[in-house]
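In what follows, a structure is listed as structure tokens, so that the remarks can point back to it.
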Amino acid sequence: MPKAAGDAKLLIQSLNKAYAATPTNLKIIDLYVVFAVATALVQVVYMGIVGSFPFNSFLSGVLSSIGTAVLGVCLRIQVNKDNKEFKDLPPERAFADFVLCNLVLHLVIMNFLG
């Protein structure tokens, strides 16, 4: 087996081992972020196949999905117990910030739709 393939296999095994120790609430947030990014990718593929006639609708959908994913990553950073920067921030406050920012994001997206 080539050295690069062995290194890649070792890297994947170490990532799987480290991710197995991740708390369940962080795994749920990760799943949410992956779903939001997958939704954006589906919208881009759909636009490539069918077309983007109401371009502002396409742009709103993609920006909403990507914005939601970014806010999900921010929530994950704030809720992570290993992150020393946000150790004094309670998870309830982080979730309230996430909900409020999502509300503002989607109000802006709805305004952009017209």
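Even glycines carry a Cβ here, placed using N, Cα and C.
What Swiss-Prot says about this protein:
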- 1-30: topological domain 'Cytoplasmic' (TOPO_DOM)
- 31-51: transmembrane segment (TRANSMEM)
- 55-75: transmembrane segment (TRANSMEM)
- 76-93: topological domain 'Cytoplasmic' (TOPO_DOM)
- 94-114: transmembrane segment (TRANSMEM)
Close approaches to the topological domain 'Cytoplasmic' (1-30) from elsewhere in its chain (Cβ under 8 angstroms; 6 or more beyond its ends): 72, 75-76, 79-81, 91
DSSP-derived helix, strand and coil totals, residue by residue, for the topological domain 'Cytoplasmic' (76-93): 10 helix, 0 strand, 8 coil
